[in-house]
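Colleague: Would you mind keeping the following structure in view while I ask a few things?
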Amino acid sequence: MKSISCGKEYTEDVRNINIRPEQLDDFVGQKDLIQNLKVFINAAQTRTEALDHVLLYGPPGLGKTTLAQIVSKELRVSFRATSGPLLSKAGDLAAVLTTLNAKDVLFIDEIHRLNRSIEEVLYTAMEDFCLDILVGEGPSTRTLRIDLPPFTLIGATTRLGLLSAPLRDRFGIPLHLEFYSFEELVNIIKRGARVLSAEIEEDAAREIACRARGTPRIALRLLRRIRDFVEVKDDKKITYEVADSVLLKLGVDKMGLNKLDMNYLRFLFNTSGPVGIDTISIALSEDVGNIEETVEPYLIKISFVKRTPRGRVLTDQAKEYLSL
C-alpha cells in the first residue's frame, strides 16, 4: 500500500504519525464509530468492492486524518491525500482522480472549502465514477468524459454546515467524531509516552488528560512539550509536579483553557447581553472561523457558553469560574 500526498502545499502534520495507531483495533475512543466502520470495511472486502464514500466530521484534532489512513491500511489499498483549498480548478481534481487505481482511498481534508464548481465535477466522480471535463472555448466547447476506477473518497471537515446538501448526500457513510472521555485520553497519553520512550507517572498522565480539552491532538502536543522540559532538565520521568509546572508555563490552566479562551470568556463577561460572533471576532482580532472551530466547541461542551439566536451568552458556571 502506497501513501502519497498530492499538491505542493499540502503538508499533513507528520509529527504525530509515529504515535498514531495503524489499525482499527488500536484506535482508542469513538467505540461505536469504530465498530460500525469495521462492519462496512468487512462488507466491502467480502463483496470485493470499493468502500462507499466516507465523510468524517467533528471538531479539530479528534483523529479524522488518522482514521482515513487506517481505513486505507485495513483495505490494503493506496492512500492519496489533498485538501479542499488546493483543488481550485477542475484540472486539479482531474489530475488527482486519474491517478487512482481501483478501490484506492482519496482523502480530501477541509472538504468544506471546495468551491462549488469543483463540487459539481466531484458529483459524477463519486456517483458514476467518471469525469465530465469541458474542453475548448465558445461555440467549439465540448464535454470530454473520462472513466474512473471505483474508488473511495474520504472527506474530512470541521464545518459540516458549510458543505452543500448535494455533496453531503453523496457520502454513504457519514461519521461524527466526538470529544474523547477522560479515561480515553489517559490511555492515549500513556501510549504516546511509551512510543516516545518517555516514562510517565499515572498522576501526570491524568493531569495532562484533564487539560487536553477532550482532544487527542492537544494531549499529544502537551505530552511532547512536557517531554522537552524533562529532557532538558535531565529528569528521569514525567511526574505530576513537572507536568503541572510545564502546563502552567505553556499557559494552559486546570480546565485546559488558554489565553484566547480566557479573552473570549472575559469579553462576554464584561459585555451585557448576548454577543454576535462578528462582534467577538473584531474584539479579539481573531478570525470567525477560528473562533467557531477551535474555541467555542470546547467552551460549549463544558457548559461555559451558550449559543442563542441573538448571540453568545456566558453561563453562570463560567461566571463563577472567572470569579475564582
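Every residue, even glycine, has its Cβ placed from backbone N, Cα and C.
What Swiss-Prot lists as ATP binding site is Ile19, Arg20, Gly61, Lys64, Thr65, Thr66, Glu127, Asp128, Phe129, Arg170, Tyr180, Arg217, and the listing cites sequence analysis. Under the heading Mg(2+) binding site, Swiss-Prot lists Thr65, citing sequence analysis as support. Residues or ranges marked as DNA binding site by Swiss-Prot on the basis of sequence analysis: Arg307, Arg312. Annotation source Swiss-Prot lists region 'Large ATPase domain (RuvB-L)' at 1-180, citing sequence analysis. According to Swiss-Prot, the region 'Small ATPAse domain (RuvB-S)' annotation covers 181-251. Look at Swiss-Prot and you will find 254-324 tagged as region 'Head domain (RuvB-H)', backed by sequence analysis.
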Colleague: CB neighbours of Tyr180 (ATP binding site) within 10 A?
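Modeller: For Tyr180 (ATP binding site), the count of other Cβ atoms within 10 Å is 24.
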Colleague: Between any two of Ile19, Arg20, Gly61, Lys64, Thr65, Thr66, Glu127, Asp128, Phe129, Arg170, Tyr180, Arg217, the residues recorded as binding ATP, what is the biggest Cα to Cα distance in Å?
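Modeller: Binding-site diameter by Cα atoms for ATP: 37 Å.
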Colleague: Taking every protein chain shown into account, which of the binding-site residues Arg307, Arg312 has the largest tally of Cβ atoms within 10 Å of its Cβ?
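Modeller: Its Cβ has the most other Cβ atoms within 10 Å: Arg312.
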Colleague: Taking the Cα atoms as reference points, how far is Glu127 (ATP binding site) from Arg312 (DNA binding site) in Å?
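Modeller: So the Cα of Arg312 (DNA binding site) lies 40 Å away from that of Glu127 (ATP binding site).
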Colleague: I'd like the per-state residue tally for the region 'Small ATPAse domain (RuvB-S)' (181-251) from DSSP, helix first, then strand, then coil.
Modeller: 50 helix, 2 strand, 19 coil
Colleague: Please list the DSSP helix, strand and coil residue counts for the region 'Head domain (RuvB-H)' (254-324).
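Modeller: Counting residues by DSSP class gives 41 helix, 9 strand, 21 coil.
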Colleague: Taking the Cβ of Gly61 (ATP binding site) as the centre, how many other Cβ atoms fall within a 10 Å radius?
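Modeller: Excluding its own Cβ, Gly61 (ATP binding site) sees 23 Cβ atoms within 10 Å.
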Colleague: Compare the Cα of Arg312 (DNA binding site) against each of the binding-site residues Gly61, Thr65, Phe129 and report the nearest.
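Modeller: So, of the listed binding-site residues, the one sitting closest to Arg312 (DNA binding site) is Gly61.
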Colleague: Including all protein chains shown, what's the count of other C-beta atoms within 10 A of the C-beta of Glu127 (ATP binding site)?
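Modeller: Cβ-Cβ neighbours of Glu127 (ATP binding site) within 10 Å number 10.
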